[in-house]
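**Student:** Before I ask anything, let me first share the structure, which is written out below as structure tokens.
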Amino acid sequence: MAEHLASIFGTEKDRVNCPFYFKIGACRHGDRCSRLHNRPTISPTILLSNMYQRPDMITPGVDPQGQPIDPRKIQEHFEDFYEDIYEELSKFGEIESLNVCDNLADHMIGNVYAQFREEDQAAAALQALQGRFYSGRPIIADFSPVTDFREATCRQYEENNCNRGGYCNFMHVKVIGRDLRRKLFGSYRKYRGHRSRSRSGSPRPRRDRDRDRHRDRDDNGDRNGRRPDRTDRDVGGRRKHESPKRSHSRSRSRSPPPAREGSEERRARIEQWNREREEKP
């Protein structure tokens, strides 16, 4: 029974815990939801609810006065916000994922998800944000249960064919430009987040960094991180103590070891050695 409950936890089959809150850290029913919202007491991810205020909040592409807004201005406004948040949160530790929702539903609009490398880094950031304001509005921050953005992101939106639009219950993550991504994360880093394709820029997963670090180490030095010294090689380009015929000997099959002598053969050989020693003057 316990194994069954554990297997369905956070899924549609779970009639006790809310699957949407478990997957995306937000639920359209809010406190009126008939299922439980298990709020984590510690997590590497923090949620800044409704923090990003897009300039076309009322009608997409139109300002509050009813005038159309240049899409480039909207993107510039978003990237200024993104850079502000990244620079502030990065003071507390390494950010592995920073995603901003482009949804329009009340429970998701402007949500910012920041995933740190370590839980204590997220806790320090959460503590520092308490009572803070941004653009004249209080920052509402809390731990989020989301640690895998693959389950939280709308796959149809990734393929540009989500028929629910901005009111989809899964994340529509805004994308930042290449220049800003290079500025914040460096040209060697790529997006992370949901299935390593987070549309908001984020550093690479830890396993990829470790893999690249091992690859660089193997290319530039030995397992102890020591680069090969010139003294390790002789004039012919071979390492010291390396046999010149090493490569040739590998290509040939090894000859079988000589057969061991029997006890009678060994006794006969010893007697012969004794006779030869006695015959010597």
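A Cβ is built for glycine as well, from the same backbone N, Cα and C atoms used for every other residue.
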**Student:** For the feature zinc finger as recorded in TrEMBL, pick the matching range from 64-91, 148-175, 176-203.
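**Tutor:** Range annotated as zinc finger by TrEMBL: 148-175.
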**Student:** Reported in the order helix, strand, coil, what are the DSSP residue counts of the domain 'C3H1-type' (12-40)?
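**Tutor:** Taking the domain 'C3H1-type' (12-40) as a whole: 9 helix, 2 strand, 18 coil.
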**Student:** For the domain 'RRM' (44-146), how many residues does DSSP put in helix, in strand and in coil?
**Tutor:** 33 helix, 26 strand, 44 coil
